[in-house]
Amino acid sequence: QDEEKWDFVLVSDIHEVGSEKETKRKKFLDELSKKGFAIKKIEDKKLFYGVRAPKQVFRKYQWLLRNPDSRLQSPDAHSDIPVTTRIRIVNFILWNTVTSDLEKLQDLMKKKVFEAAFPLHEKEEVREFLKERWARWRDIFCQQPIEKIRCYFGEKVALYFAWLGWYTYLLGIAAVVGLVVFVAGITVFNSSQVSKEICEASNTVMCPLCDQKCPFWLLSDTCIYAKVTHMIDNEGTVLFAMFMAIWATVFLELWKRQRATVVTDWDLYRWDEEEEELAMELINNLQHEPRQYQHSYLRSTIVLLLVLLMIAVLIGIAHALVIYRVIATALFTQSDSEFLREQANTMAVMTGAVLHYVTIVIMTKVNRRVALFLCDLEKPRTFSQHENNFTVKIFTFQFFTNFSSLIYIAFFLGRINGHPGNYVRIAGKWRLEECHPSGCITDLFIQMAIIMLLKQTISNVMEYLIPWMAHKIRKWRQRPKKQSVMLGEEEEAEDPCKRQWLSNYQLGEVNFFSLFDEFLEMVIQYSFTTIFVAAFPLAPLLAFCNNLFEIRLDAIKMMRLRRRIVPRKANDIGIWLQVLEAIGILAVIGNGLVIAITSDFIPMQVYKYTYSPCMTENRTDVDCSTGYINHSLSVFRIQDFEPHTQVPETLLDLKIKEYRDYRNADDYSYTVQFWHIFAARLAFLILFEHAALCVKLIAAWYVPDVPKSVKNRFRERKHSNLRKELRWVMPRGRL
């Protein structure tokens, strides 16, 4: 039974005898045989080759690294090293074996000589435990068996699930605080003084929102919208933004401690990836010469220019979405439907958000191809270097894909559109969008809510359904074959490996992207949860609920729907940690800008403490925000409208209408109040970001990356090992 365990399976089509593909396949298998590999062939609709490495390969590995893995994981029955290490070494040798034609397995796969190469899901105790106690929906609130995951999938996958579990655990705290802030906002739904003023402004006539068929409208018509805006945009939002900036830092610092504890227990705290790679290169080929580190300024310049070009394309797509919303608003306002005419702006934002989600789905695939092409141009020396370069590029592209449109809504919408009589127009025809009199933050809230809900429902459903259906279809296709062999059951019984190899082949394919995709999805979600959280306090709650399902979804995919992923060693989550730290800094900047620019928090505070009745008249019997709406509107003479704007002749005699801005009535230049508010926004931004970054630095200093208990344990272990070594050198009487 021990001899029937195989490290890897290679799958090939049945080629004609003497064909080029058959010759290349034979040459590759001959190279493996020369290295002492045992090879077993099984023929079905495809050709299956089981390969098993000789024991001396693993002895060389242990000797070179002086670190027998015996206490790291439970050893396999027929070997003194863990199954995950066996698979990793065999995988390395397979992908680096060169035929006499100077071709590797990757080249042979491109030429369709081999179709697939994968390690097997074995029917072992660890796998059965994980299938029953981890990869099930019913275990959604149970703790993850990280040690068992490591024993079966290796350290890298175990660290991903440990990080995801830790992130979800701490996200629960942020979700509760965000929910409290949101509920507190609901309680002021009807009590906000600003909302009351908008609802009672039945005599305030506002300028039309478009040039054709848009009527003048009363400010009181937007009563509900104003209440919703002030439900989101209140003092609690500012405190929550500050809280999330601190939370992001504390989360990362606590994760570093958690990771240090876990990795020390695995004896990998000071593991050297480069040393292991050099050892495996020598095991594969004793004549191997290590590749030298190289750097080409020309190649780096070309890659940088291409990255900037791609970012420009992604920003261009964001501009296209802006143009869509402008044109959609104009078309909705000319619609025959009264509802569409009245809600033209909101409908344009909502349909724009759906369109934005579609562009995210499409551009994710494009971004991956471009990032891979750029990585190939760089010619990285090692797999980990390739992975790091690819991670930075794909995250940069995905960040601009996901956030360009949100950045426009948050910081540019309603600020670059001009004013009545001098509007900024696209192609000289369509006016840019305007903010609602109560602010732009609701547009940002709607956009984020739609994108997060779509990403966490449709994307997750598809992420599960596609591999599940593909697995069912592959099993269904195999069924006729099984029925046709019913009579020759003796033939099936005499080969116990056949059923196992076929069932593994029917599972979904895994590759370099399998784990990477999961990390990228979570890091983008982390960006949504932290960067614009001031506009969407429910983001942590949505992320928390999503992650409870995401953990089990990923587990089910890995255990039941996909082939076994090649285990990889790792002592941290790699460059993703630097990416998360960068997002933490962006979160401080983003939330500071949202409060300072998007929110009405600063203008309202300036009004309260400078221009309100409380300050100018020393009144204490009124709310200090009384009169804020009237103060934030400017007046406009109807006869100054541009020719584009249709104005009924009956209204030409009226002198004044209002719009949201701080401008003088005579020459439409900015008022003193505008510059006062601008200075206050700038001062708040500087203070907020410096305060938040100081708190982040203090938190990072206060929470050590590595617990003292871990350092002490590591030191004691080192001391004990040195004492044992010394016993072999010194006479017994001296000790």
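Glycine too: its Cβ is placed from the backbone N, Cα and C atoms.
Feature list (source: TrEMBL):
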DOMAIN    82-146  domain 'Anoctamin dimerisation'
DOMAIN    149-716  domain 'Anoctamin transmembrane'
TRANSMEM  157-186  transmembrane segment
TRANSMEM  237-255  transmembrane segment
TRANSMEM  301-327  transmembrane segment
TRANSMEM  347-364  transmembrane segment
TRANSMEM  390-413  transmembrane segment
TRANSMEM  523-549  transmembrane segment
TRANSMEM  570-597  transmembrane segment
Summary of DSSP states over the domain 'Anoctamin dimerisation' (82-146), given as helix, strand and coil counts: 33 helix, 3 strand, 29 coil
Recorded stretch that, among 157-186, 237-255, 301-327, 523-549, 570-597, has the most CB pairs under 8 Å to the transmembrane segment (347-364): 301-327
Other parts of the chain folded back onto the transmembrane segment (570-597), taken as Cβ under 8 Å at six or more residues beyond its ends: 155-156, 159-160, 163, 237-238, 241-242, 244-245, 248-249, 252, 256, 259, 263, 266, 268-271, 273, 384, 387-388, 391-392, 395, 410-411, 415, 441, 444, 519, 523, 526-527, 530-535, 681-682, 684-685, 688-689, 692-693, 696
Model confidence over the domain 'Anoctamin dimerisation' (82-146) (mean pLDDT, whole number): 89
